[in-house]
Amino acid sequence: MAVILGVDPGLASTGYGIIREAGGRLECLDFGVIKTSAHASSGERLETIYSVLSDLLRTHRPDYAGIEGLYFTKNVTSAIPVAQARGVVLLALAQFRLDAQEYTPQQIKQAVVGNGQADKEQVIQMVRVILGLKAPPRPDHAADALAAAVTRLHSCFGR
């Protein structure tokens with residue numbers, strides 16, 4: 001049995017998804033987003049992400065983690081807050097001695113849909129099917145985090 005955490009870092013909204021694999025069956029344990037206030041300072045927002053993620057790590061005790069990594073963008077200003085959130089996520093994972101791997105959006109799409117150029121709706125629908133969810137996971141950041149967890153599962157167990 002393995003518990004896997006997926007994370008889609010962002011300063012305004014960090015997605016998380018926690019899945020369990022047991023005997024070839026996949027189960028979604030939890031998913032959602034860590035929202036931060038636009039009125040809070042950057043430090044306060046990062047502290048919120050760290051605190052909530054640490055609580056999730058204590059509660060679910062994952063064995064592995066998959067993170068949607070940064071992709072290069074022309075707008076460096078918008079990439080900086082995401083990089084800051086990513087740093088806080090990596091710190092929390094390191095403090096819990098988690099084996100974390102980062103994946104590009106294309107790698108995640110390839111692992112989940114079988115097509116590295118898949119659109120967001122295709123990813124969301126495949127996550128729903130793979131995890132046996134009754135409804136598509138929302139919001140998008142949570143679905144992306146679940147997809148990162150599924151990708152980590154594939155790389156751990158060669159599924």
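Please read every residue number as a count from 1 along the shown chain.
For all residues, glycine too, the Cβ spot is worked out from N, Cα and C.
TrEMBL lists D8, E68, H141 with the feature active site. According to TrEMBL, the feature Mg(2+) 1 binding site maps to D8, H141. Marked as Mg(2+) 2 binding site by TrEMBL: E68.
Each residue contributes its Cα atom, and for D8 (active site) and E68 (active site) those atoms are 5 Å apart. The sparsest Cβ neighbourhood within 10 Å, among the listed active-site residues (D8, E68), is found at E68. The Cβ neighbour count for H141 (active site), using a 10 Å radius and every protein chain shown, is 25.
For the pair formed by H141 (active site) and E68 (active site), distance between Cα atoms is given as 10 Å, rounded to the nearest Å.
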